[in-house]
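Undergrad: Sharing a structure with you now.
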Amino acid sequence: MADPISPISYKQRTVSPPTSSPAGNGTAEQQTNGYAANGTEERWRQNYVPTPYESYKTNGTGSTQPMEAESGSSEDVGRGHWGSKAEFVLSCIGLSVGIGNVWRFPYLAYENGGAAFLFPYIILLVLIGKPMYLMETALGQYSQLGPMNVWRCAPVMQGVGFAMVILSLITAIYYNQLMAYTLYYMFASFASQVPWADCDPKWADENCFKVGGLYPCARYNLSGPTDTVNCTTKSESSATQFWQRGVLRLDKGGLREFGDIGEIQWDLTLCLLLSWVVVFLCLMKGVKSSGKAVYFTATFPYFILIALLVVGVRLEGAMKGLTFLFVPRWDELFSVNIWRKAAEQMFFSLSVSWGGLIMFGSYNKFRNKVHIDAFIVSSLDFITSLIASVAIFSVLGAMSHDLGIDIRNLAASGPGLAFIAYPEAISRTLPIPQLWSVLFFFMLFTLGLDSEFALLETVLTAIYDTFPRSRSHKIKLTGLLCVSCFLLAIPLCATLGQYIFSLMDTFGGGIGVLLIATFELIALHWVYGVRRFSDDLKFMIGYNPSMFWKVCWVFIAPVSLIVLFVYSVFIWENPTYNGVEYPDWGIAVGWFLAAISVGMIPLVFVLTFLKMLFTGKIRDLFKPASNWGPGCPEARKMLLASHANFDMNETKYGIDNPALDSRYYAQ
């Protein structure tokens with residue numbers, strides 16, 4: 001293969017070159033005077049340098065070959081791609097559309113003003129969510145690297161990649177516990193009667209009342225006579241007690257001594273083990289296996305959600321729930337707290353700044369029209385949240401109508417909406433509750449499965465990209481990671497496990513996302529440069545981002561996130577669970593979880609700064625690494641050649657690097 005730069009005509013000064021020797025090989029005098037044997041001026045080598053997207057060396061015949069990675073093997077060997085475009089789109093849908101769309105979005109919507117919550121969510125989705133979704137998927141596709149190694153574009157900010165990987169690992173450990181709960185409920189639903197429909201003496205106490213039977217008058221918030229309501233002094237429904245006493249077996253005393261997690265529940269542990277086995281089987285061959293699994297796991301939930309929606313909206317009283325969801329309470333629109341909640345839900349739902357989108361994009365073909373995919377998936381995520389909200393609130397509205405109570409008193413926050421309110425609604429309002437219960441919880445399991453795929457594959461891809469030879473041991477590494485995560489998650493199956501779960505969710509998987517997103521935007525659009533990133537997009541897919549996207553990336557998104565983070569710090573209060581405060585050591589453990597992810601950003605920055613300072617390369621602190629560039633070998637060659645058409649004076653604007661890497665050319 002000919003040298004890719006040899007046919008390029010570089011812009012040079014007009015100088016008469018010396019006569020070359022008959023053999024075509026210049027003399028030593030000609031070389032030292034700055035001219036090549038063919039008469040081409042050599043001085044351009046000090047003035048013009050294409051960004052070194054990949055180093056090349058020549059073999060004995062003069063042909064060029066990509067230089068091998070330090071590990072001794074090409075980074076591209078064995079990395080793999082999606083089997084089809086549909087696998088990428090469905091995987092992104094599966095990552096973004098998760099359990100949170102079913103319980104978290106609906107709860108936050110009606111808790112924060114109904115449509116008054118939807119407006120801030122839509123605005124933040126357009127100004128922050130969609131731009132960052134495009135940014136992350138395009139960055140992964142361009143570099144063909146995972147979230148940790150992709151920061152070769154700005155090595156001083158590689159701590160962002162470490163933070164993403166650690167955050168994904170922590171979240172993967174406790175997220176699978178939610179899936180274990182769904183399996184527990186699904187298996188329990190195969191009984192002749194759903195177990196939470198009655199107060200079973202095995203787990204119920206004297207404070208339990210039967211779903212569909214007697215109710216505490218205080219629950220109705222009545223202002224008139226109560227003789228039309230069948231009242232009781234009992235305050236916890238059978239659905240509530242089944243969740244807290246039958247499934248969690250929750251110790252209401254909270255965390256006490258360090259290391260005391262209560263008694264391990266082996267039925268929950270077996271459900272957790274089964275969930276990890278399913279995850280391993282779907283991931284053991286990387287995207288080649290998970291890409292096939294998403295054909296089912298990403299599409300099946302839509303059939304169930306639509307079926308629940310059709311059944312739910314036909315129930316008597318369904319409009320009561322939909323009115324509550326969609327009629328705005330405009331006085332709440334100007335609350336900063338609602339905007340903060342909308343931003344948190346947007347990150348939680350779209351899964352931006354977790355590394356999964358960069359990882360999924362990295363397995364795309366280089367010329368894939370990723371900007372179209374990003375728009376479709378990010379829009380579909382919001383539509384799915386609305387479908388889930390309509391399906392759930394139509395059923396809750398029917399239940400509210402049946403009981404004659406305010407719908408606000410039906411649903412609980414957090415997982416309680418999925419594991420208390422909806423099971424109770426199923427047993428009261430839907431025909432054949434066992435069938436709908438099995439379908440509902442199997443749907444939740446498949447929703448969680450896609451998100452779990454992305455969290456673990458993010459960690460595995462970081463390992464594969466850092467140590468390319470490890471790709472030949474995918475099954476062993478996947479098995480080792482799944483076993484390790486399962487063992488670390490066993491404490492979540494204890495009687496105090498829900499306190500640990502809430503602690504990990506608050507600190508390990510939630511508190512640092514806004515900071516990681518802010519530094520991610522700064523790293524890519526301020527350190528690497530929004531102009532460079534836009535040029536990369538144009539080269540890759542021919543799409544030149546408009547000024548709207550650039551303004552969002554450079555200014556609107558980071559400033560908005562900084563304001564929301566500062567406000568969150570200002571109103572911060574130590575978390576509680578079930579009304580119980582955490583001990584000091586529990587809060588300390590929580591901050592440690594946050595520190596080991598977000599803390600990597602300043603740590604890597606300082607270490608890189610010191611390294612550059614002591615090696616005398618401080619001027620290169622904010623420059624891309626020499627091996628940064630398109631992940632596709634052919635694209636690297638094309639870009640190297642195309643950069644030769646730039647004017648040499650453009651180097652002063654930071655388009656090119658200031659010195660030439662001699663490895664590009666034969667010596």
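Backbone N, Cα and C atoms are what each Cβ position is placed from, and that goes for glycine too.
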Undergrad: If you follow TrEMBL, the disulfide involving Cys208 connects it to which of the following: Cys199, Cys217?
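TA: That record, TrEMBL, gives the partner as Cys199.
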Undergrad: Suppose I define contact as three or more CB-CB distances under 8 A, residues 6 or more apart in sequence; do the transmembrane segment (264-283) and the transmembrane segment (548-571) meet it?
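TA: Counting Cβ pairs under 8 Å (6 or more apart in sequence), the transmembrane segment (264-283) does not reach the transmembrane segment (548-571), since there are fewer than 3.
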Undergrad: Between the transmembrane segment (477-501) and the stretches 156-175, 346-363, 435-456, 548-571, work out which stretch tops the count of Cβ pairs under 8 Å.
TA: 156-175
Undergrad: Excluding the flanking five residues on each side, which residues at least 6 beyond the ends of the transmembrane segment (115-135) place their CB within less than 8 Å of a CB in that stretch?
TA: 108-109, 325-333, 338-339, 341-343, 345-347, 350, 352-353, 357, 370-371, 374-375, 377-378, 382, 517, 520-521, 524, 533, 549, 552-553, 556-557, 560-561
Undergrad: How about the transmembrane segment (295-315) and the transmembrane segment (375-399): do they have 3 or more C-beta pairs under 8 A, pairs 6 or more apart in sequence?
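TA: Checked: the transmembrane segment (295-315) vs the transmembrane segment (375-399), in contact.
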Undergrad: Thinking of Cβ pairs under 8 Å, which stretch from 156-175, 375-399, 548-571 has the most of them with the transmembrane segment (507-528)?
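TA: The stretch I would name here is 156-175.
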Undergrad: Who are the chain neighbours of the transmembrane segment (591-614) in space, where the CB to CB distance is under 8 Å and they lie at least 6 residues beyond its ends?
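TA: Sequence-distant neighbours of the transmembrane segment (591-614): 155-160, 162-163, 166-167, 170, 503-504, 507-508, 511-512, 515-516, 519, 620-621.
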Undergrad: Among the recorded stretches 156-175, 346-363, 375-399, 548-571, which has the greatest number of Cβ pairs closer than 8 Å to the transmembrane segment (435-456)?
TA: 156-175
Undergrad: Around the Na(+) site formed by Gly94, Val97, Asn101, Ser349, Leu447, Asp450, Ser451, list the extra residues of the same chain whose Cβ is within 8 Å of the site's Cβ centroid.
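TA: In sequence order, the nearby non-listed residues are Ile93, Leu95, Ser96, Gly98, Ile99, Gly100, Pro301, Asp381, Thr384, Gly448.
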Undergrad: Let me spell it out: take the transmembrane segment (375-399), skip the flanking residues so only those 6+ beyond its ends count, and list any with a Cβ under 8 Å from a Cβ in it.
TA: 89, 92-93, 96-97, 101-102, 105-106, 109-110, 121-122, 125, 129-130, 133-134, 302, 305-306, 308-309, 312-313, 315-325, 349-350, 407, 410-411, 417, 421-422, 424-426, 428-430
